[in-house]
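Here's the structure, in structure tokens; my notes come after.
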Ligand SMILES: NC(=O)C1=CN([C@@H]2O[C@H](COP(=O)(O)OP(=O)(O)OC[C@H]3O[C@@H](n4cnc5c(N)ncnc54)[C@H](OP(=O)(O)O)[C@@H]3O)[C@@H](O)[C@H]2O)C=CC1
Ligand SMILES: O=C(CO)COP(=O)(O)O
């Protein structure tokens with residue numbers, strides 16, 4: 001099949017590499033110089049160095065006007081930008097019938113008094129007729145690009161979209177499971193990034209393995225509470241996009257979100273931590289949206305609240321720990 005991937009960061013490139021072992025793939029970069037370098041060097045040195053690009057992967061560039069044309073010539077389109085770029089990309093795809101899937105894990109940053117939205121909520125606003133979904137789950141880009149075993153979840157209310165994602169990406173190295181709980185899969189992917197900042201902080205402060213296990217477990221409870229309040233199924237959070245991605249991101253040093261927490265624990269400022277990554281750490285941008293939605297739904301999320309206070313400079317790393325440990329006793333649940 002023909003696949004168009006819009007966004008040539010680490011994850012878009014890794015999935016394009018994986019799919020191009022069986023399909024014809026176009027990888028679109030918004031920066032013409034980057035697209036030219038990818039074609040010339042047969043490598044994405046900026047975002048995924050050391051991975052050779054298969055011959056069936058072609059780089060493309062161009063302004064917004066080329067996006068509908070590239071999508072129109074493909075059997076499946078993938079939006080591989082951070083959450084901050086999703087609204088604009090879906091706007092360019094609004095006349096396209098689909099199937100389309102995005103890879104972003106986050107909530108949009110809140111604007112004014114409005115809540116920050118999940119991907120499917122953005123899609124409902126800007127491209128309601130588009131058949132779309134999300135590809136998510138525990139997956140470091142580098143491991144997928146290297147062909148190391150990975151399991152993903154393709155979530156959509158459209159079987160056409162789920163089937164297209166399986167046809168495009170399922171392989172002996174990559175299992176793709178279907179799920180129709182779009183909200184649950186999106187909330188799992190978004191909230192785990194916030195929680196990974198917390199576990200990075202915990203490990204950076206050498207608080208111990210007990211503390212890390214407590215953060216992961218109580219974080220999963222927070223994620224599930226928010227998800228259920230937003231209409232997701234609780235069992236989704238026991239799956240790849242909930243527990244699976246939380247464990248990976250909270251414990252794996254390839255995680256950019258975890259690295260933010262580790263760097264803050266070492267005394268870096270947030271700006272220094274973000275600048276040193278060279279990649280997006282979505283938890284930094286969506287933590288406030290998570291906490292705000294939780295507050296509006298009267299959902300208790302103390303770990304996410306502590307992360308926001310840390311990112312906003314209201315709490316020092318040690319203060320964030322004290323705020324969590326100093327809470328009144330409550331029943332587990
Ligand atoms: N890396 C991973 O292992 C995984 C990442 N994800 C998710 O996938 C999404 C993309 O991550 P990843 O590829 O790693 O990110 P990177 O930081 O590696 O790359 C970001 C890419 O998006 C482009 N971009 C940045 N901002 C915008 C924007 N506002 N509009 C359009 N394009 C933009 C960048 O282009 P330019 O160079 O021109 O700025 C770059 O090509 C994130 O939501 C992430 O959480 C999900 C699973 C795994
Ligand atoms: O989503 C990811 C793994 O599933 C990547 O996590 P980071 O964005 O923290 O690197």
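Every residue gets a Cβ built from N, Cα and C, even glycine.
According to TrEMBL, the features are:
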type     : residues                               : note
DOMAIN   : 2-158                                  : domain 'Glycerol-3-phosphate dehydrogenase NAD-dependent N-terminal'
BINDING  : 7, 8, 9, 10, 11, 12, 141, 256          : NAD(+) binding site
BINDING  : 11, 30, 47, 105, 141, 256, 280, 282    : NADPH binding site
BINDING  : 105, 137, 139, 192, 245, 255, 256, 257 : sn-glycerol 3-phosphate binding site
BINDING  : 105, 256, 257                          : substrate binding site
DOMAIN   : 181-321                                : domain 'Glycerol-3-phosphate dehydrogenase NAD-dependent C-terminal'
ACT_SITE : 192                                    : active site, proton acceptor
Those binding-site residues in 9, 11, 245 whose CB falls under 6 A of ligand 2, listed in sequence order: 245
Using Cα positions only, nearest of the binding-site residues to residue 105 (NADPH binding site) (8, 11, 141, 192): 192
Spatial neighbours of residue 139 (sn-glycerol 3-phosphate binding site), counting only the binding-site residues 10, 11, 12 and Cα distances within 10 Å: 11
Residues within 8 Å of the 105, 256, 257 Cβ centre (excluding the substrate site residues themselves): 193, 196, 249, 255, 258, 280, 281, 282, 283
Of the binding-site residues listed as 7, 47, 280, 282, the one whose CA lies nearest the CA of residue 137 (sn-glycerol 3-phosphate binding site): 282
Nearest recorded site to residue 257 (sn-glycerol 3-phosphate binding site) by CA-CA distance, among binding-site residues 8, 11, 12, 282: 282
Distance-selected binding-site residues near ligand 1 (C-beta under 6 Å), from 137, 192, 255, 257: none
Residue 257 (sn-glycerol 3-phosphate binding site) - helix vs strand vs coil (DSSP): helix
Inter-residue Cα distance where the pair is residue 256 (NAD(+) binding site) and residue 280 (NADPH binding site), in Å: 7
Max pairwise CA distance, angstrom, over record-listed NAD(+) binders 7, 8, 9, 10, 11, 12, 141, 256: 18
